[in-house]
């Protein structure tokens, strides 16, 4: 590949410039006035082109040295224009003679030389173009006034004498200034590109040669004067090339190189990021402002079960659990407007290609513009499905351990009591019993009965849960008058509850209502809730049973003014094997499956059970049963009556764990 020198000083380039110089020299020999006018005109055009380039590239040029020269040379060109117009034979200033063009010439050369010297001040400093133009304009006005108005500028040429000493000394002084500029440009050549340094070095050299030629000539139409103008033209052209190189070619070349380097760096960073993107153990999904997937990593494809091509361009909500789709959209919509980065943490279920549901823990960076439009959502997601399943399994295992430990206690306690009571009974029966001993024996018989009922209740609950789990539990539905049935069940335990110094009240907002339900299991539901209320209330507390209705449901509410349920425990009370407070006294003991049975029985009725409670104030369970009836039921079922004797037996069973040791 050719070097830049070979490119710019190739044979064609040299030949072309030599031909141009030969043509100009020939013109100088044939018609000096035309030669002079053309050389000066070319120099002026070059000067003004330099200025135009500098003005229009000041925002991209990074070299204030040549920017300074571009401004300076337009004023040099201005004086050269006046010099050309004042030249002998042009006829523009006929009364001034040969001195005027020489004065204008020497001013132009001083400005040129001093500008080449002063430009080094700005090679690393700041340059204010407007201030520089104002300064040169002011200097131009002063110098022109010294010639045309005040007439105080020294003479530079006298007819019959030639160049004055001032003109000669000035030329040598100008040469000295140019030599100093030459030394400075050599010392600071590293501040310029190699091309620009070479152009400027030869520009100053040719300017020095031009000044030496103008120092020695005696005839304004002579050979030395002509050589001086040729060197001047070359000098202007070289400076023009330097400015073109710096102001036009270099910025765009540098810009292109920087852009190429930046692109390569960005590509390297992107490749590096993509490696991290794909090897990370979390899902990474980039969603654009239209809610479409713009980027996904391999982990996201793996979890969702789709290829990258299948996911790109798809709406993200297509993969969100339909129950959580609105929540996801609301999270994005609630993000503050105009913030460039807002982090949001949350979790939801996504639907995979196979239809499986996976629970994902998300960290999302949501960006919106000032108008509230989403620009993008960058999310990283951790698949916690297996973790949640393991957590639930461990928790379930823990509950099972606790349940069986509790079950062991529930079985051993009544059995020990039964065994002890039987031993005491045997001792009493071996002797003739007194009245007092007979009463004691009756008490032990009652203990045996109560604990046998307690065991029966526990066994019944376990059997029923097993049946429900295996779908072998069937309700015996009948059309019954629900208000009357509920009233009788409530009244069946009224005396027992009042014997515990607590009150039980029944209220109804419904006169009569016939619905389909299983009276026996409705009784179990209510007795269990009343037993629960009795456990967690103190003396003088109140238990209230109230019936109301909605458009489609009958509502049976059991409310007590007892201990209440902590807010964080409400979601646990219907879970199997759960006990809300293990610190309660023995009166609150149980297997932890009573409320589970209640919920399962309500669910079998296509009903709903809800709980409302303020800890330390009250607890209220609401059983909601649908207003539906069985077709083709006999009329006698509508008037179904609760067998009070059997109810009392079942009350004893359901309340069997309410005892003191």
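Every residue, even glycine, has its Cβ placed from backbone N, Cα and C.
Residues or ranges marked as transmembrane segment by TrEMBL: 12-29 (among others).
Residues or ranges marked as transmembrane segment in TrEMBL: 35-53 (among others).
Annotation comment: TrEMBL describes 65-82 (among others) as transmembrane segment. Sequence-distant contacts of the transmembrane segment (65-82) (same chain, six or more residues past either end, CB-CB distance under 8 Å): 40, 43-44, 46-48, 50-51, 53-55, 58, 104-105, 107-108, 111-112, 115-116, 118-120, 122-123, 127, 129, 132-133, 136-137, 139-140, 143-144, 191-192, 196, 236, 239, 242-243, 246-247.
Note on the transmembrane segment (102-120): residues 65-66, 68-69, 72-73, 75-76, 79-80, 82-83, 86, 136, 139, 143, 147, 153-157, 163, 167, 170-171, 174, 177-178, 180-181, 184-185, 188, 204, 207, 211, 214, 220 of its chain, located 6 or more positions outside it, place their CB under 8 angstroms from a CB of the stretch. Annotation source TrEMBL lists transmembrane segment at 102-120 (among others).
Residues or ranges marked as transmembrane segment in TrEMBL: 132-149 (among others).
The feature transmembrane segment is assigned by TrEMBL to 169-186 (among others). Cβ atoms under 8 Å from those of the transmembrane segment (169-186) belong to residues 106, 109-110, 113-114, 116-117, 120, 156, 192, 197, 200-201, 204-205, 207-208, 211-212, 214-215 of the same chain, restricted to positions at least 6 beyond its ends.
Here TrEMBL flags 198-217 (among others) as transmembrane segment.
The annotation domain 'PAS' is assigned in TrEMBL to 269-339.
The annotation domain 'PAC' is assigned in TrEMBL to 344-396.
Looking just at the domain 'Histidine kinase' (406-629), the mean pLDDT is 79. Residues or ranges marked as domain 'Histidine kinase' in TrEMBL: 406-629.
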For the transmembrane segment (132-149), could you work out the same-chain residues 6 or more beyond its ends whose Cβ comes under 8 Å from its Cβ atoms?
68, 71-72, 75, 78-79, 82, 100, 103-104, 107, 111
Secondary structure content of the domain 'PAC' (344-396), with strand meaning DSSP E or B:
12 helix, 30 strand, 11 coil
